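The structure under discussion appears below in the form of structure tokens.
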């Protein structure tokens, strides 16, 4: 129900945005790209099972559109197992900094071969170009590539990085839209949705929109309570357990 | 019905968790064990982070032990003094275990240590239990015959001798404290009550009367699991109250049906079945350790400071 109403809302908003843009940019050519999200807040409630956000926008002419959504950055340690005396155990690790917890990319048309890698690198368009900074400076390139690929593979398995490039579809000549899925295990924090207009192998216009993922309501209260008043939280947890155990003992005593 | 777990940070099917709790509760009622050794691996399997699985399981076991100890308390089958001495060791062990857990997590070896402890402890205890119960079944359905009730070994030469009138024992206080200590470490690292280890140790090492063993070990487990849950919640914020509540509800109901079903089962049969089940868990984990993993790379988020 939520999703449908959001889509219903998104389309007129998109049309309106497109129209306003058209009016605004025609004389000045000030802004060749405008985009927005159907929602700037993803609320993780008790019933949260993942959600779609629609990104829509308009361009002033020809060109390809690429959309990159990435999540809060942090450190991630990648560990490699090896056989040590018949047992597989972690033997080597590389820690990466600035790793986005979530990464999703969608394009109107494949960019490989059309756009030079340096451009894709600069704007982090595509999983091959995500900026992951190893903490140890001295690392053989093959090893680094291996650990980098492993990080991306593990993130993909968790559903947090795209496995394939998504599709941005044009509605007519000017309007475009794409759908971005956020799974249930998405991390809380500030995300950015970046939209790039690409013409003749270069980015000619870009826009970045923030998106907030936040726990709301009961689950937020529980989380906050556990972090802030951990002593009371611990005591409450134990009391809950003792009470239910004691109640069970009383209730089932007769039978 | 999907429900979002605020600490584990994932969405699970509430019915699945209730059923898991009920199933494990049934088995724990059937065999008179806590069931932590089944629940913790199951939680990790459905995607709950190991640290949260262990912390939450410790919290849930408090409830299970309270419910279990009540029946024994009414029959006066709890040796509070001996349990108290075990608890001194247990508290120290739990403290050490929680610290060790955090340290190993930082090193990236926590999963290996959890698996290895399961294989080692579950494997050994279940093999011993299986051979003992099979022998009892083969021998012609009699009660297990113990050749001698009271061996005199070097264990009885230890200092700090104490009298435990309820258990009719005069032994060194170091022994129950040491057993409690080992149990406490296991509670913190493996997310289990440790009953499957404490019970045989109390029978064979301390020589306690069998009738008192279950109640006394449960009595002690309430406090070690409680302490573990407290330390994990305060130190690591890894107790998920929503998950614990779901497990408690399922577990409490399951345990009552289990207890009823257990009344129809003969002692040595129950022990053999339990041993087989524990052995299966140990073998599964051992195979996982030895077989080449699907992906030899894994990722972890940094441990919270």
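Backbone N, Cα and C define each Cβ position, glycine as well.
Note that the structure is predicted; figures quoted are calculated from it, not measured.
Counting only same-chain residues 6+ beyond the ends of the transmembrane segment (B:12-38), those with a CB under 8 A from a CB of the stretch are 1-3, 5, 46-48, 57, 60-61, 64-65, 68, 118, 122, 190-196, 214, 221, 243, 246-262, 265, 270-271, 273-274, 277-278, 281. If you look up TrEMBL, you'll see B:12-38 (among others) marked as transmembrane segment.
Here TrEMBL flags B:44-70 (among others) as transmembrane segment.
The transmembrane segment feature in TrEMBL is assigned to B:82-104 (among others). With a threshold of 8 Å between CB atoms, the same-chain residues lying at least 6 positions outside the transmembrane segment (B:82-104) that come near it are 51, 54, 110, 113, 162, 164, 166-167, 169, 173, 176-189, 198, 206, 208, 216-217, 219-220, 223-224, 227-228, 231-232, 235-236, 303.
Beyond the ends of the transmembrane segment (B:110-131), by six or more residues, the same chain brings 37, 41, 50-51, 54, 101, 104, 186, 189-190, 196-197, 200, 271-272, 274-276, 278-279, 281-283, 285-286, 288-289 to within a C-beta distance below 8 angstroms of the stretch. The annotation transmembrane segment is assigned in TrEMBL to B:110-131 (among others).
Residues or ranges marked as transmembrane segment in TrEMBL: B:169-197 (among others).
Within the chain carrying the transmembrane segment (B:203-231), a Cβ under 8 angstroms from the stretch's Cβ atoms is held by residues 32, 34, 55, 58-59, 61-62, 65-66, 68-69, 72-73, 75, 77-80, 82-83, 86-87, 90-91, 93-95, 97-98, 149-151, 155, 166-169, 171, 175-176, 179-180, 183-184, 187-188, 193-195, 239, all 6 or more beyond its ends. Annotation comment: TrEMBL describes B:203-231 (among others) as transmembrane segment.
Look at TrEMBL and you will find B:238-258 (among others) tagged as transmembrane segment.
Outside the transmembrane segment (B:270-291), and at least 6 residues removed from its termini, the chain residues within Cβ reach (under 8 Å) are 27, 30-31, 33, 37-38, 41, 112, 115-116, 118-119, 122-123, 125-127, 129-130, 132-134, 136-137, 196, 262. Per TrEMBL, the feature transmembrane segment maps to B:270-291 (among others).
Remark: the transmembrane segment (B:169-197) contacts the transmembrane segment (B:44-70), by the rule of 3 or more CB pairs under 8 A. Same-chain neighbours of the transmembrane segment (B:44-70): 5, 7-8, 10, 12, 16, 20-21, 25, 28, 32, 34-36, 78, 101, 105, 110-111, 114, 187-193, 214-215, 218-219, 221-222, 225-226, 228-229, 232-233, 236, 238-241, 243-244, 247-248, 251-252, 255, counting only residues six or more beyond its ends whose CB sits under 8 Å from a CB of the stretch.
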